[in-house]
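A.B. asks: Pasting in a structure now, in structure tokens, and then I'll have a few things to ask.
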Amino acid sequence: QTCCGYRMCVPC
């Protein structure tokens, strides 16, 4: 998983 956006930890 990768943290991207605003505190959004999702498979980017």
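In case you wondered, yes, glycine gets a Cβ from its N, Cα and C as well.
Okay, so Swiss-Prot annotates it like this:
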type: MOD_RES; residues: Gln1; note: pyrrolidone carboxylic acid
type: DISULFID; residues: Cys3-Cys12; note: disulfide bond
type: DISULFID; residues: Cys4-Cys9; note: disulfide bond
type: MOD_RES; residues: Met8; note: methionine sulfoxide
type: MOD_RES; residues: Pro11; note: 4-hydroxyproline
type: MOD_RES; residues: Cys12; note: cysteine amide
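Walk me through the surroundings of each of these features.
C.D. replies: Taking the Cβ of Gln1 (pyrrolidone carboxylic acid) as centre and 10 Å as the limit, one finds 7 other Cβ atoms among all the protein chains shown.
The Cβ of Cys12 (disulfide bond) has 9 neighbouring Cβ atoms from other residues within 10 Å, across all protein chains displayed.
Secondary structure from DSSP puts Cys9 (disulfide bond) in a beta strand.
Under a cutoff of 8 A between CB atoms, and with a sequence separation of 6+ in the same chain, Met8 (methionine sulfoxide) has no neighbours.
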A.B. asks: Look up Gln1 (pyrrolidone carboxylic acid) in the DSSP assignment and reduce it to helix, strand or coil.
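C.D. replies: Going by the DSSP assignment, Gln1 (pyrrolidone carboxylic acid) belongs to neither helix nor strand, so it counts as coil.
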A.B. asks: Which residues in the same chain, at least 6 apart in sequence, have a Cβ under 8 Å from the Cβ of Cys4 (disulfide bond)?
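C.D. replies: Listed in sequence order: Val10, Cys12.
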A.B. asks: Please report how many Å separate the Cα atom of Cys3 (disulfide bond) from that of Cys9 (disulfide bond), as a whole number.
C.D. replies: 4
A.B. asks: For Cys9 (disulfide bond), which residues in the same chain are close in space, meaning a Cβ under 8 Å from its Cβ, but six or more apart along the sequence?
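C.D. replies: For Cys9 (disulfide bond), the qualifying residues are Gln1, Thr2, Cys3.
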